[in-house]
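J.: Heads up, here are the entries from TrEMBL:
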{"type": "ACT_SITE", "residues": "H66", "note": "active site, proton acceptor"}
{"type": "BINDING", "residues": "D67, V70, G72, D74, S76, E88", "note": "Ca(2+) 1 binding site"}
{"type": "BINDING", "residues": "P164", "note": "substrate binding site"}
{"type": "BINDING", "residues": "H194", "note": "heme b binding site"}
{"type": "BINDING", "residues": "T195, D240, D247", "note": "Ca(2+) 2 binding site"}
{"type": "DISULFID", "residues": "C35-C115", "note": "disulfide bond"}
{"type": "DISULFID", "residues": "C68-C73", "note": "disulfide bond"}
{"type": "DISULFID", "residues": "C122-C315", "note": "disulfide bond"}
{"type": "DISULFID", "residues": "C201-C227", "note": "disulfide bond"}
{"type": "SIGNAL", "residues": "1-24", "note": "signal peptide"}
{"type": "SITE", "residues": "R62", "note": "site 'Transition state stabilizer'"}
Amino acid sequence: MASSYSFLFLHMLVMFCLASIAFSDLSDDFYDDICPEALPTIRRVVEDAVRQERRMGASLLRLHFHDCFVNGCDASILLDQTATIDSEKTARPNNNSARGFEVIDRIKSEVDKVCGRPVVSCADILAVAARDSVVALHGPTWEVELGRRDSTTASRTTANNDIPTPLMDLPALIDNFKKQGLDEEDLVALSGAHTLGFAQCSTFRNRIYSETNNIDSTFASQRQANCPRSGGDSNLASLDPTPALFDSKYFSNLVSKKGLLHSDQALFSGGETDELVKTYSTNLRTFSKDFAKSMIKMGNIKLLTGNQGQIRVDCKKVN
């Protein structure tokens, strides 16, 4: 009996040590010695891309979000379809919607050039590019823990099931985020990413034509002008009044019943997240601080580290 307990203790100790080693593989100075020019290069390419198209900042931020919600932040969203890869690019939340892949490819090429070899993972590139996109649009900065490794698999089915949809109500959103280890504050703060970017007509048509409660009628009429009842699925509308500026107007819109997506307005609909939405709507500093904190938390979901996964040579395919 004693030997059984000894074996169990030893097994638990080994597992704890392995977990500690995996966590310690992440650090904000991970590339300082092996490639000190890596992070400045990522920032330069991101800033250039956002300068050319302001919308790209939101697109790069969304890529990181959609990557992390599907089996962790492992760059699986970047993999193209093959006989063995079930690409997430064609999942419902991403198909004809996710964009910025060419910017990630350009970053990877430039980083590998300055590093002299592929040492920076595509997963780390996504995490850093998301942060640098927010900063480029006058948002907060944060320390990105680095050392992620890239997956060798993807899952379109998991993308379809785990990425939150624009039709979700508050309980479904809370459950969706909880599944990723994120709480209600994370839900509201990260939804604030919709202070940037646009949405396609197909994602908010039902809200502006069929919903009568919790929507400003003038706002609905204005959106109908560019989103007909049929057709025009890819027509764009901004998610808040200043889609290329990180501010708190997204939350002000919710308080005024002008959330573009049903899932946006669900955050201010008489539920437990109302007070935090009100706080963020009048306090950009608090929102920015909480957003940065939640981005760090999201960026650490189910990571591959150490000898797990690989460092892809081409972000679109497994080595």
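Every residue gets a Cβ built from N, Cα and C, even glycine.
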J.: Excluding T195, D240, D247, please set out which residues of the same chain place their CB within 8 Å of the center of the CB atoms of the Ca(2+) 2 site, keeping sequence order.
T.: G192, H194, L196, L239, P241, T242, P243, L245, F246, S248, K249, Y250, F251
J.: If we check Cα distances from V70 (Ca(2+) 1 binding site), which of the recorded positions R62, C122, H194, C201, D247 wins as closest?
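T.: Checked the recorded positions R62, C122, H194, C201, D247; minimum Cα distance to V70 (Ca(2+) 1 binding site) goes to R62.
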J.: Highest Cβ count within 10 Å among the binding-site residues D67, E88, D240, D247: which residue is it?
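T.: Its Cβ has the most other Cβ atoms within 10 Å: D67.
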J.: For the C-alpha pair, I'd like the distance in angstrom between D240 (Ca(2+) 2 binding site) and G72 (Ca(2+) 1 binding site), rounded off.
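T.: D240 (Ca(2+) 2 binding site) and G72 (Ca(2+) 1 binding site) have their Cα atoms 28 Å apart.
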J.: Checking your reading of the structure: which of the recorded positions H66, D67, D247, C315 lie inside a 10 Å Cα sphere centred on C73 (disulfide bond)?
T.: H66, D67
J.: State the count of C-beta atoms found within 10 angstroms of the C-beta of T195 (Ca(2+) 2 binding site), not counting that atom itself.
T.: 28
J.: Any idea what the Cα distance is from C201 (disulfide bond) over to G72 (Ca(2+) 1 binding site), rounded to a whole Å?
T.: 29
J.: If we check Cα distances from C35 (disulfide bond), which of the recorded positions H66, G72, E88, D247 wins as closest?
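T.: Smallest Cα separation from C35 (disulfide bond) among H66, G72, E88, D247: G72.
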J.: So if I draw a 10 Å sphere around the Cβ of G72 (Ca(2+) 1 binding site), how many other Cβ atoms end up inside it?
T.: 19
J.: Quick one: of D74, E88, H194, T195, C227, D247, which recorded positions lie within 10 angstroms of C68 (disulfide bond), measuring between C-alpha atoms? Sequence order, please.
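T.: The recorded positions close to C68 (disulfide bond) (Cα within 10 Å), listed in sequence order, are D74.
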J.: Does anything in the same chain, at least 6 positions from D74 (Ca(2+) 1 binding site), have a Cβ under 8 Å from its Cβ, and if so what?
T.: D67, A123, R148, R149, D150, S151, K302, L303, L304, G309
J.: For C122 (disulfide bond), identify the closest of the recorded positions H66, S76, P164, D247, judging by Cα separation.
T.: S76
J.: Would you count the other C-beta atoms found within 10 angstroms of the C-beta of V70 (Ca(2+) 1 binding site) for me?
T.: 28
J.: Which is it, of R62, H66, H194: the one of these recorded positions whose Cβ has the most other Cβ atoms within 10 Å?
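T.: Answer returned by the neighbour count: H194.
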J.: With every protein chain in view, what's the tally of Cβ atoms within 10 Å of the Cβ of C227 (disulfide bond), excluding that atom itself?
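T.: Cβ-Cβ neighbours of C227 (disulfide bond) within 10 Å number 25.
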